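The transit peptide annotation in Swiss-Prot covers 1-65. Residues or ranges marked as domain 'Rieske' by Swiss-Prot on the basis of sequence analysis: 127-234. Annotation comment: Swiss-Prot describes Cys169, His171, Cys188, His191 as [2Fe-2S] cluster binding site, evidence class sequence analysis. Taken from Swiss-Prot, the feature Fe cation binding site applies to His294, His299, supported by sequence analysis.
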Amino acid sequence: MAASATTMLLKYPTLCAMPNSSSSSNNNDLPTSIPLNNNNNLLSNKNKILQTPNINTSTNKIITKAVASPVFPTLKTTSNTPSSIRSLVHEFDPEIPPEDALTPPSTWYTEPAFYSHELERIFYKGWQVAGYSEQVKEKNQYFTGSLGNVEYLVSRDGQGELHAFHNVCTHRASILACGSGKKSCFVCPYHGWVYGLDGSLAKASKATETQNLDPKELGLAPLKVAEWGPFILISLDRSLDANADVGTEWIGKSAEDVKAHAFDPNLKFTHRSEFPMECNWKVFCDNYLDSSYHVPYAHKYYAAELDFDTYNTEMIEKCVIQRVGSSSNKPDGFDRLGTEAFYAFIYPNFAVERYGTWMTTMHVVPMGQRKCKLVVDYYLEKAMLDDKAYIDKGIAINDNVQKEDKVLCESVQRGLETPAYRSGRYVMPIEKGIHHFHCWLHETLQ
């Protein structure tokens, strides 16, 4: 049972970790415009930037049509929360006002069983970002990724239909494809089984004497998939209402605000940076949600860009929106943020940021109990695409902030794992966004 502080002392992009490559011997594989790996030479190929297609600004679209195997499970889950995990969840009490509350115990960030419970109750429910519409804007394009223990595959078939599947061959469970590109079919690298981009089994090699082998029953296991503006979302949740509005289901009442900032056809993808971190995914999320409490101490250049007197944090359902005006005294005279920066953190692990001529997305990918990866994608207004110096400097400044946060978050993780720390306090009102996130976690995990 949780105690109050007065009575107790003190979780583009393809997210596949493998290189951008084909899983079959077909020669029709083409790279997508979003790279898999961090490119230290930001503008080594200017033409690739200029050829990046527009962001999709169409309304949300849910695709449920798929060729599925009735004998291949969509997801293995447990219906009940183990008592040991339940007790950990309830060590945090959301009913205690944040001014008097303790933060969740360190075991929320260090216990492997708790992380497994998070995957099941948070990441395997509702909508999760898988990638971006431009990755599969053409027929026969695909990309892959992972979400916890789930390997997924998103494809657009020859008829233009969008699909998502478990990226697992139904024969002997080999991972079917990796990376991203363009194919007419998927060939399993293990025994050569062939699947269409609609998930159907086209060929089971050498299965001439196998009895009652029905290809219709051995297609790839489907996932729900939706397009919402520039984002592709997937869901493993069988109970999800396919007729509900995607934006509202994913974000809540802030969906229109996020849409107004993210659905901009004038934006082009420019660059991806990745930051592996030796910390629990929530450590980074907590850091992001502290209303820049840490910024003056940890990010000197970034702090000089902000007018902290204008900082505003608003919590609405599954989203925390932070807005801040820019300083009149720009560091180096470089105007990166424009007049105001907009940061929308969408639970559990995704952020949309608009400032100046930029949009960035921040995706915190859980990769283990004490490991995650931050994927930062940069979009830029078309008018600035020819200004290499502006692009290089803007990306370098933001990347440096993430490098500084990486050091902080990994330090926090090490501290959480020591016997010296159990719970902390909220500094109010500046850490109200963190408290709101913890309350949502408590509600979702119990």
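Start at 1 and count along the chain as shown; that gives each residue its number.
Cβ coordinates come from backbone N, Cα and C, glycine included.
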Could you give the Cα-Cα distance between His191 ([2Fe-2S] cluster binding site) and His299 (Fe cation binding site), in whole Å? 52
Residues with Cβ closer than 8 Å to the Cβ of His294 (Fe cation binding site), same chain and 6+ apart in sequence? Asn287, Leu408
List every residue in the same chain as His299 (Fe cation binding site), at least 6 positions away in sequence, whose Cβ is under 8 Å from its Cβ. Val401, Glu404
Among the binding-site residues listed here, His171, His191, whose Cβ has the fewest other Cβ atoms inside 10 Å? His191
Under 8 Å between C-beta atoms and at least six apart in sequence, can you list the same-chain neighbours of Cys188 ([2Fe-2S] cluster binding site), or say none if there are none? Cys169, His171, Ser174, Leu176, Val194, Tyr195
Three-state composition of the domain 'Rieske' (127-234), taking helix and strand from DSSP: 7 helix, 46 strand, 55 coil
